[in-house]
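Below: one structure, written as structure tokens.
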Amino acid sequence: MVGDIETKQCQLKDAMDLFHSGQVVKICAPMVRYSKLAFRTLVRKYNCDLCYTPMIVAADFVRSTKARDSEFTTNKGDHPLIVQFAAKEAQVLCDAARIVCPFANGIDINCGCPQRWAMAEGYGACLINKPEIVQDMVRHVRNQIDNPRFTVSIKIRIHEDLKRTVDLCQKAEATGVSWITVHGRSVEERHQPVHYDAIKIIKQSMSIPIVANGDIKTLKDAENVHHLTGADGIMVARGLLANPAMFAGYEETPLKCIQDWVDIALEHGTPFTCFHHHLIYMMERITSKQEKKAFNVLSSTSAVLDYLKDHYCV
């Protein structure tokens, strides 16, 4: 996991400094399977300020060395970094936070995942209806991690009744949460328009930083959402998958970015499926239907490299 890492706490960039810089903080979202070290390395080259790991189940992480080794990989260039945990028990979350504390800038509690399995286990979006559990988890980490620069944030979805969301956020703020990321949809909503007006109301009700999340696909979208909501940061998921250079102002993935991904993925030993899937996302907007058919069925790294060389001189 982290045995070869030289980085120590005192050398880590401070995540909170980003929110005090006067600039909108550009953030790579926690994405299952996708926001791993190699991809974080790529988006950092293209003006991404802050990266999250994929969601990690805290109980498994604490219990299993194997889970730790497979779920959390970092290096000295991978900062500022937030480790996102699915948790429902304060002490288990603290134990997980203590493990990652020397190697990350903070943790985030997932209170927004709407997937059935997560909610059935008491994780994710069901926590927006349990503010006392959220408060307890934040309070425990605050009390037990003795690094005052180590951040504790939460990522939420909104309630149909927005007063309940504002109440949740204010309770979390009172307990010492560093910032809150708001995905502007309810648990039931999937592809409906994002309620940016709700994010604006939450922002106006809080004195800690608020991050806006949902349907942001270009740098212009990010700027528009900032103006609509007043949010201190913009978190992007699928928009960055489709164009990892988005925060640098590119409208579509530049060939240089594809070359960078190939170099980084090979250097990190990225498994073929992940390597290939990222390229499928990145090339979605720049390939014809026929090219997609040919590219999507390639089944080895060498075949992908040959294709890129033949078609794009990459």
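Note: Cβ is positioned from N, Cα and C throughout, glycine not excepted.
Quick look at what TrEMBL annotates:
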- 28-290: domain 'DUS-like FMN-binding' (DOMAIN)
- PRO30, MET31, VAL32, GLN84, HIS183, ALA237, ARG238: FMN binding site (BINDING)
- CYS113: active site, proton donor (ACT_SITE)
Of HIS183, ARG238, the binding-site residues given in the record, which has the fewest other CB atoms within 10 A of its CB?
ARG238
Cα-Cα separation of ARG238 (FMN binding site) and CYS113 (active site, proton donor), in Å?
15
Arithmetic mean of per-residue pLDDT over the domain 'DUS-like FMN-binding' (28-290):
97
Alpha-carbon spacing, ALA237 (FMN binding site) to CYS113 (active site, proton donor), which is rounded to whole Å:
13
Count of other CB atoms lying within 10 Å of the CB belonging to GLN84 (FMN binding site):
26
Fewest other Cβ within 10 angstroms of its own Cβ, chosen from the binding-site residues MET31, VAL32, ALA237:
VAL32
Return only the integer: C-alpha distance in Å from MET31 (FMN binding site) to CYS113 (active site, proton donor).
11
